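Database features, via TrEMBL:
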DOMAIN    37-285  domain 'G-protein coupled receptors family 1 profile'
TRANSMEM  23-48  transmembrane segment
TRANSMEM  55-74  transmembrane segment
TRANSMEM  94-114  transmembrane segment
TRANSMEM  193-212  transmembrane segment
TRANSMEM  233-256  transmembrane segment
TRANSMEM  268-287  transmembrane segment
Amino acid sequence: GNHTQPKFILLGITDTPWAQAPLFGLFLLIYIVTLAGNVGLMVLVWVAPSLHTPMYFFLAHFSLADVCYSTIISPKMLTDLLFGSKTISWAGCVTQFHLFALFVTAECHLLAAMAYDRHVAICHPLLYVTVVSPRACWQLVAWSYLVASLSALVYTSCTFGGSFCGPRQVDHFFCDASPVLRLVCSDTRGSEAAIFVLATANGLGTSVVILISYGRILHTILGMRSAPSRARAFHTCASHLVSMSVFYGTLFFMYLQPASRHSSRDKVASVFYTVVSPMLNPFIYSLRNKEVKAALGKCRRRM
């Protein structure tokens, strides 16, 4: 079956003709802002010595993951909206899903590493230089990509390992696990169970680390005597938690529910973590920080 029908058809976000042009303009603007914000942050962290710290080291890799999985999804989606050509080859579909799964899983583990970094910095400042050393930072990033690579292999083999028959119309705007598995003729219960278990391990495992870290951070903040310092730290943690809630909430909605409960609402949820979240992350995590503003000011004066 994989050789007789080598292409899939992506049905896209909507089949309404009058809505495609406005959606193209909106998503194009979001993608440009996403690239400018994340690539700009990576370049700034690279050129500004004041940002050569563990926190911005993790943020740079986080921005890289945002750029990668946004680029895997958005250009194809924009092309489909503009030209109406919604076909994608078998190899293209497999590659898109595999890379998407890799970078999204890596981002979950990078978020956990960032939460641990903030926990040590705020709750144990005297041990920060020793615990979060450059070697430890590289080990955490390497672990994130290693786990993500192995998980992506399992996700991809479970999703595309069955026999396909009939029309290959993927009811989505990219090749995702649930809409692709609906096209499989063979029994998919084993594949769905494996994806569910692994997604639960990655999602819930990293979210527990994040919640414990920020819970201890908030406990330390409430014990601060200085009201301005307490308000500033609380405001930073609150913005981080809002971003994580949107990211994890939509991921859990998509991948931690039975296949029978998936519906057209999945597309709306997918837009949040594939398009909107990568655009907002640079503003939430870094572009409002005094250190980043100071580094931007120095770069402007040099130029």
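Positions of Cβ are set from backbone N, Cα and C atoms, glycine also.
Those TrEMBL annotations? Automatic predictions, nothing curated.
Averaged across the domain 'G-protein coupled receptors family 1 profile' (37-285), the predicted model reaches a pLDDT of 86. Sequence-distant contacts of the transmembrane segment (94-114), counting only residues of its own chain at least 6 positions beyond either end whose CB sits under 8 Å from a CB of the stretch, comprise 55, 58-59, 61-62, 65-66, 68-69, 72-73, 76, 88, 140-141, 143-145, 147-149, 151-153, 155-156, 159-160, 174-177, 180, 202-203, 205-207, 209-210, 213, 244, 247-248, 251, 273-274. Residues of the same chain lying 6 or more positions beyond the ends of the transmembrane segment (193-212) and with a Cβ under 8 Å from any Cβ of it are 105, 108-109, 111-112, 115-116, 147, 151, 154-155, 158-159, 177, 244, 248, 251-252, 255-256.
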